[in-house]
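Participant: Dropping a structure here in structure tokens format, bear with me for questions.
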Amino acid sequence: MTQAKEVLASYEQYLRSLGQKSSSDMKKTLQTNPVYFDFCTELQGDLPWEDSGKYVPLLFEVWDDIKASLLPVFQTRKSRCDQNEMLKGIVCLLASLHWTAGEPVKSLDWQELREKSYPAKPINWAERVEFILLKPTQYHCFIQLDELITEMKKHFYKYHAMNR
């Protein structure tokens, strides 16, 4: 668990250092930093967690783009991929958990994230994410993250349909 906490804390610092968005396109902003809107202090307009039906699917699209970029790496028999891309995928999952609950991601503190209750979530999501964080560049972790996000999509759409 300590390693998971350290990896996420380090990645949170990196995301917070990215600064202001350069594009008015929401998807491009999320591709650069999936939690830009959560960490930004000067927000105006639509907040993604206030309209999860519109914005959570964008997180799933960001993962689809990441997945498309990582698949060729594994198809060339390389056993490792870019850690930042995998961490970005994990952050997309974490943001989707929060936005579905109607709240921003305040921090990537692993202890807080694990203990929090979410209205829509994959089964054993915390244990599975922790497993991924131990070796995020490996193929089996990539597959596990893809399965987690696929499950999250199902839970999100079910939750969204039942709570309109």
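FYI, residue positions are counted from 1 along the chain as it appears here.
Each Cβ is built from the backbone N, Cα and C atoms, and glycine gets one as well.
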Participant: If I look at Swiss-Prot, which residue among Ser17, Ser107, Ser117 would I find recorded as phosphoserine?
Facilitator: Ser117
Participant: Provide the number of Cβ atoms within 10 Å of the Cβ of Ser117 (phosphoserine), excluding the reference atom itself.
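Facilitator: Here the count is 6.
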